[in-house]
């Protein structure tokens, strides 16, 4: 019996031959007579031949290149997916890329190279390294690899896949298992015009657009704008072919210009709404500040929209900020299929394009209007040496974003009779039974349990269920969704495949032989990755043991040891760890030498995969008000720790502080207290007294200006005599002075009861030569009487104005 080529890789050594044979039996390849297969006569030609019955007319398997391009760009990486629509599956596969009209029997027939994404799922064929096959033959519904397009001049390439489903049933190459891509030859790099066909689909379809920004300092390090990087609000619509929002080779409208230069969607939305007959839904989603952060992946901005037969195209755009006029988006993406149905899913990687309205070449170039306006075009790596995307070798620009458009509902009578997949079969299930994850960030759940068995026991549509536990509800005002989830399924009667199949991990490397001389044993282990879907017990072995021989003819220097003891427990509870075991020397070497046999061993051990939950943080709050109302201060913002990491501490920053600067604080004028009133400037008749105060601080930065510093008030001593002689006047003044002094001395006891005062000192010098100064004099206590209870007995001070004339 010859093994299927899918299984031949298992027979690469005598140790694996024993595994390959029972596995072939398990897959039932030996249940029917196999046709003889001729030996390979050329390079990799054997991988295109499989024994058994070939099936045709299948639609459940598909080979898809991400974005569904018809052309490839030389040297560009493309994600290739081979999938089976539920409830179908496949066990084995081969995938190759051939130049058009080549058979694959020569090395030069193959085009491009594949890159492995998941080594547990896929590997290169050992005897045909240009082809990809499965790592382990088991039930699967999807695999993915990268394909690197060949150099320029290769021409058209055909990707071909072969599917082994079960027993000896296989599908190969034709129809949906073949994808033809031709070398890009377009005016615009990376842009190919697709003719827009009339749509024949019925009813309407509802889609969700999700935008994943990938523009970051890590992916695009050259001149990355750290402070103000962002994506503007998404704006677009679902529309007919009679309306164009934007397109390569066209001119930007005023709305597109304002999005491209200012990040403002207002004018663009106004333009879209003016085309009400041609537009079904306006698409809007929030802006992203900053352009990249983990939240952009966990809770990427999204928007829902609808399409119908006449308005089956969708377009949108968003600005890269800061930039001169650079955007990303889709133009006239057709969601109607040739089979009169609605596209299930679209995934597109996006590169930036220039709106043709500003001639800047760097992220933060000053405004430089393009006059006359140029056509919209994709940016290339050869545009300008100062461009952040410049590459002297002309390589492709790394994608800056990805958009995913998924169909989430269909309404009305549908005219595509043949369903796309099981989801289409049960498209009319109630909304609560849809498999949509709308879990708020404030709800922390455990991992989902495995899916239950399908509710239908025959080949008919049914439902299956899974459950999870609500661990924490961080915000009681936000309700948490149900802890049960339902998914459409087809009963087991649709396939004669055993539903009790369980998924196993790869075998861990064989342990060392149990003895150092002679015949012993060695073992290896694996673990169950997924238990059977029908809930039965997995009966596949998790440990294998085989004999091993080391130095059949043991020399006199050999020593005799006990069997190895049991392995210690694995040092890890999940993931990769270490375990040890020991043995003892039973008999030393006959020649008296030291026993060189190992007495302890350590090896890696694999526990079930770790499922860790990183610490969950809230969004940053808005910056607080500045700590001051003017001048220099500080402001802060915070975020909350919603959930600790399942393993380890959360070391993320919870508070940020930065300086803030407000206009300088106004400084008001500052003055001293008023001085005491001066003596009247006349000895008789009407006069005036003054008092003054000093400026201590001049006003600054709009502070209150200084008020008056000198005040006057009238005073009147007594009436002056009319026309007295000067001599008589002086005599009278002298007499009055003597009389006043006598009265003062006589009244000292009454004016200052309880103490005797010294006379007033002389007036001090004026503090200013002009403009109003002050003078001071003092009277001090000479003697206090012991029996005095008066509080007026204290030192005195008088102040008067002087030199009040202007300077």
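Yeah, the Cβs are placed from backbone N, Cα and C, and that goes for glycine too.
The structure displayed is predicted, hence computed values, not measured ones.
Swiss-Prot names 354, 358 for binding Ca(2+). Of 308, 325, 391, the residue it gives for the same site is 325. In summary, of the candidate residues 214, 447, the record from Swiss-Prot lists N-linked glycosylation site for 214, whereas the others have no such entry there.
Mean pLDDT across the domain 'TSP type-1 6' (754-806) comes to 79 in this model. Restricting the binding-site residues 325, 354, 358 to those with a CA within 10 Å of the CA of residue 202 (disulfide bond) leaves an empty set. Long-range Cβ contacts of residue 605 (disulfide bond) within its own chain (separation 6+, distance under 8 Å): 508, 525, 567, 570, 571, 572, 576, 577, 578, 579. Cα to Cα, residue 358 (Ca(2+) binding site) and residue 199 (disulfide bond) are separated by 37 Å.
Taken through DSSP, the domain 'TSP type-1 5' (668-721) splits into 0 helix, 20 strand, 34 coil. Residue 199 (disulfide bond) sits 30 Å from residue 489 (disulfide bond), taking the C-alpha atoms as the reference points. Ranked by CA distance from residue 681 (N-linked glycosylation site), the disulfide-bonded residues 480, 538, 548 have 480 at the top as the closest. Other than the site residues 325, 354, 358, same-chain residues with C-beta atoms no more than 8 angstroms from the centre of those residues' C-beta atoms, the Ca(2+) site, are 260, 261, 323, 324, 326, 355, 356, 357, 359, 360, 370.
Cβ-based crowding with a 10 Å cutoff singles out 454 as the top-ranked of the disulfide-bonded residues 202, 454, 502, 626, 665. Distance between Cα atoms for residue 325 (Ca(2+) binding site) and residue 665 (disulfide bond): 40 Å, as a whole number.
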